[in-house]
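Here is what TrEMBL records for this protein:
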ACT_SITE  Thr215  active site, nucleophile
BINDING   Arg243, Val244, Gly245, Asp246, Thr266, Gly267, His268, Gly269  substrate binding site
SIGNAL    1-19  signal peptide
Amino acid sequence: MRSIFRLLLLHGILSVALSTEPIVLVHGGAGNINDAQVPVAMYGVKTAARVGYETLKCGGSVLDAVQEAVRSMELNPQFNAGYGAVLTWEGKVEMDAAIMNGVDLNAGCVSVVRDIYHPIDLARRVMEKTRHKFLSGEGAMLFANEENFEILPEGALVTNKSQQALEDYKNSLNVTTQPLCCSDSNVGLCNCDIPQALSYSVLNDFLREFGSQGTVGAVAIDELGNLAAATSTGGITGKMPGRVGDSPILGAGTYADNEVGAISVTGHGETIMRYNVASRILGLIKYENMTAEEASAKVLNDMTERFEQSAGVISIDKSGTVGINFTSKRMSWAYQRGEELHYGADRDEDNVDIVGQPRLNALDLCV
């Protein structure tokens, strides 16, 4: 009799544990997404959400799911990550990424990464193969070589779109042929008469006129309630060499904790890291009993009011509630839950496709 009671109790515990409906939620960046870019961005985030969800349903972990979702966007030149990342002032690609496991709070972060397709893969390798959590620049690239990552020829990740964006930015400052003062290669060689190049008010004006490519990110929850988050970015057009944004900083642009929720942030990196956006959201969820949606909305509105800078957030709390919030003009996003694929870019937009069977061949990841 006692054994039967134990079995019934165990069945009840497992039923509760398996009651969470798996979700994979992605974003393709917040900003001034031009009308012409919206369909392409929608296709990219919808594909990424499906790739991540298929990974989960085929037996992968939540960590696998967010990694695969981000990988798909790193190969899409629509997005500011991997192939398609924006350029530094000198026309180079330097990328940041982070991935975090909510089960044990393990994480891997990289910054100033060059000439590899998938910075998110390198971030996960840092998490799993080193005693560290963050590698940057030369050290990150040495580790990538040791781990047999394919190192591409210099410039292989530069797209016509990113080159045009940099050219447009420099033209907007009338400094196309002038080197950026105070950059590593030009210290002492100019009289620093173009401080506007470092002005974010000028950059914001440029982005409003020409639009912006998006940082990418993903969060996921599985049927056991395990959470994970991942973010990958090329930064901002015309940035100084060595600049690091919020994306690889735990608690600013990326975080996951099974006891609270998972967050990926996009937007003005310098402001996001100053305001510690992810940590503030998780604090409201944990201590003020807010949902992911409520907490994200409050933190973003407070940040924008205080700093006059915009951002976007995707979040899932431990109960499986989804949060999709942005104070920018648009943010491309998508998530899959069951057969429903939700997506949008404008405020209060929520389109739904019924996915079902058969799977698209490109998404048939089960073996």
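Even glycines carry a Cβ here, placed using N, Cα and C.
TrEMBL feature annotations superimposed on the structure.
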residue: Thr215; record: active site, nucleophile; Cβ neighbours (10 Å): 34
residue: Arg243; record: substrate binding site; Cβ neighbours (10 Å): 17
residue: Val244; record: substrate binding site; Cβ neighbours (10 Å): 20
residue: Gly245; record: substrate binding site; Cβ neighbours (10 Å): 25
residue: Asp246; record: substrate binding site; Cβ neighbours (10 Å): 29
residue: Thr266; record: substrate binding site; Cβ neighbours (10 Å): 32
residue: Gly267; record: substrate binding site; Cβ neighbours (10 Å): 28
residue: His268; record: substrate binding site; Cβ neighbours (10 Å): 27
residue: Gly269; record: substrate binding site; Cβ neighbours (10 Å): 26
C-alpha spacing of the residue listed as 'active site, nucleophile' relative to Gly267 (substrate binding site), in angstrom: 8
Within 10 angstroms of the residue listed as 'active site, nucleophile', Cα basis - binding-site residues out of Arg243, Val244, Thr266: Thr266
Farthest-apart CA atoms of Arg243, Val244, Gly245, Asp246, Thr266, Gly267, His268, Gly269, residues recorded for substrate, distance in Å: 16
